[in-house]
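For reference, the structure is listed below as C-alpha cells.
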Amino acid sequence: MEPAFWQKRWADNQIGFHQAQVNPYLQKYWPRLQLAPASRVLVPLCGKSLDLAWLAGQGYRVLGVELSRQAVEGFFREHGLDADVLQHGAFEVWRSGEIELWCGDFFTLQAEDIADCVGLYDRAALIALPPQMRAAYMRLLSAWLPAGCRGLLVTLDYDQSLLGGPPFSVGDKEVLQGFAGWQMDELEVVELIQESPKFLQAGACSLLERVYRVKR
C-alpha cells in the first residue's frame, strides 16, 4: 500500500471507512479499560475520526497519526478548532487542546514518540494494511508501547479470496500471533454480512467484526 493510494482516496472522497458518528464499541467498552485521567492514547491511521474528539472529551490526551493532510485539516475544520502547527522530525504536528494529530507516515515514528502512550485505539488501522505491513505494524506496537498499555482493537474477518482489501480480512489467529505476549480478550463478535452489499455481491457468506480488549 503506497502512500499515494491513500492520498488519492482522500482526494477523491472515497472514504467509506469514515464513520459519521462515534463508534459504538468505543463508547461501550472504553470505560472498561479504566485508564487514568489525562492518559495519552495512540490512535494510528486515524483519518478525521469523530472518535478522536470523543476520547479528548473523556479527559484523555489524544495522539492521532494520519498520512493525509487533507484528513487532518478536515478534522480541525469540521470541529471548529484552531490548531497550532509545528514540525517534528518527518511529521507535521497539528495541536489543539488535548488533541495532537501527526501528519505523516506511521512507520517513520520513533520509539520515543509513543513511549508514554498508555492507551491504544485501533478501529480501522490494522484492517487497512496488507499482510506484510500488518506484521510490521504489530511488531512496532509490541516493541514501543509501554508495558501495561491497554486498548481496543476492531477487526474484520471474511474470505479474502473473494474480495481484495482494504479493508483487509484479519482473522483471530493472525491477531493472536501478531500480538503474542499481549493479553487479548475478545469482547464481542458481530455478523455484518446482511448489512454489507459489496460482500454479498462478491459471494461472501460471512463478515465478522471482532472487538478485542488488549493489554501489553
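Using N, Cα and C of the backbone, Cβ positions are placed for all residues, glycine too.
Copied over from Swiss-Prot, here are the features:
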BINDING   TRP10, LEU45, GLU66, ARG123  S-adenosyl-L-methionine binding site
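On the structure: features taken from Swiss-Prot.
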residue : record                               : Cβ contacts under 8 Å, 6 or more apart
TRP10   : S-adenosyl-L-methionine binding site : SER68, GLN70, ALA71
LEU45   : S-adenosyl-L-methionine binding site : VAL65, GLU66, LEU67, PHE106, ASP122, ALA124, ALA125, ALA128
ARG123  : S-adenosyl-L-methionine binding site : ASN23, TYR25, LEU26, SER49, ASP51, LEU152, VAL154
Cβ neighbour count (10 Å, all chains) around GLU66 (S-adenosyl-L-methionine binding site) is 27
For the S-adenosyl-L-methionine binding residues given in the record (TRP10, LEU45, GLU66, ARG123), what is the largest pairwise C-alpha separation in angstrom? 18
